[in-house]
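Student: One structure, pasted below without further comment.
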Amino acid sequence: MNILAPVRRDRVLAELPQCLKKEAALHVRKDFHPRVTCACQEHRTGTVGFKISKVIVVGDLSVGKTCLINRFCKDTFDKNYKATIGVDFEMERFEVLGVPFSLQLWDTAGQERFKCIASTYYRGAQAIIIVFNLNDVASLEHTKQWLTDALKENDPSNVLLFLVGSKKDLSTPAQYSLMEKDALKVAQEIKAEYWAVSSLTGENVREFFFRVAALTFEANVLADVEKSGARHIADVVRINSDDKNLYLTASKKKATCCP
């Protein structure tokens with residue numbers, strides 16, 4: 001019995017969402033990795049469709065982490081600021097290339113007094129979203145420390161990084177241009193994909209989370225295909241080894257029976 005709710009029509013991804021800036025992207029391919037497309041077409045995605053991928057959202061107090069999540073998950077924007085106490089999370093279900101895929105978006109507190117509590121929930125993340133305020137240089141400078149703290153609980157080689165500038169609607173074109181240069185530099189240094197969004201207007205929010213879902217899905221399928229291939233090779237080696245042992249055993253038996 002399927003206990004999961006059906007995937008919403010606006011959460012179906014048949015193509016790879018593109019990056020915002022090619023100079024600060026995790027990759028610039030126009031399509032999903034060929035091995036991922038092939039695995040989906042041949043229904044060889046293993047347990048990917050049954051897994052829940054964890055995404056943590058970190059950043060300074062009041063940079064707009066909760067508003068970002070709420071705009072995507074609930075299509076709402078609350079002008080009355082309420083600080084997140086500890087952690088909270090939302091579950092979002094997608095269908096990517098015909099395969100069900102779930103993201104668990106963890107909204108963590110930016111307040112120093114809740115940092116220890118929030119950090120206990122960092123472990124096991126497959127993607128880390130570091131949010132800063134496009135109108136606050138200090139919040140951008142603090143992103144590296146947020147990343148350092150998050151990576152203490154995760155393997156840097158197995159996690160996707162996204163650097164997201166929020167409150168774009170409050171920036172003038174000139175202000176945004178200056179901040180974007182600095183943000184792109186930081187994104188390149190930490191090997192993160194850069195995005196600029198507005199939770200108030202919704203600008204780039206949907207596109208951003210679709211990109212997160214697609215790249216996380218792609219990474220999961222590639223990892224599963226790789227594991228399946230490794231298991232297959234191990235089985236072949238084991239079978240060949242067993243065959244060889246059987247041959248040697250038979251030869252020994254034959255030798256002992258000969259005069």
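Think of each number as a place in line: the chain as shown, counted from 1.
Quick reminder: no glycine exception, Cβ is built from N, Cα and C everywhere.
According to Swiss-Prot, the N-acetylmethionine annotation covers M1, on the basis of similarity to another entry. The annotation GTP binding site is assigned in Swiss-Prot to S62, V63, G64, K65, T66, D78, Y81, T84, G110, K167, D169, S198 on the grounds of similarity to another entry. Swiss-Prot lists T66, T84, D107 with the feature Mg(2+) binding site, giving similarity to another entry as the kind of evidence. Here Swiss-Prot flags 71-89 as motif 'Switch 1'. Swiss-Prot lists 108-127 with the feature motif 'Switch 2', giving similarity to another entry as the kind of evidence. What Swiss-Prot lists as phosphoserine is S241, and the listing cites a large-scale study or a structure entry. Per Swiss-Prot, S-geranylgeranyl cysteine is recorded for C257, C258.
Tell me what's around each of these sites.
Tutor: In the three-state DSSP scheme, S62 (GTP binding site) falls into the coil class.
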Student: When you tally the Cβ atoms that lie within 10 Å of each candidate's Cβ, which of the binding-site residues (T84, D107) has the highest tally?
Tutor: D107
Student: Counting Cβ atoms within 10 Å of each candidate's own Cβ, which of the binding-site residues S62, T66 comes out highest?
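Tutor: Neighbour-count leader: T66.
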Student: Which residues, same chain and not among T66, T84, D107, have a CB within 8 angstroms of the centroid of the CB atoms at the recorded Mg(2+) site?
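Tutor: Checked against the 8 Å cutoff, the neighbours are V57, K65, I69, V87, D88, T108, A109.
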Student: Fill in the CA-CA distance, D169 (GTP binding site) to D107 (Mg(2+) binding site), as an integer in Å.
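Tutor: For D169 (GTP binding site) versus D107 (Mg(2+) binding site), the Cα atoms are 22 Å apart.
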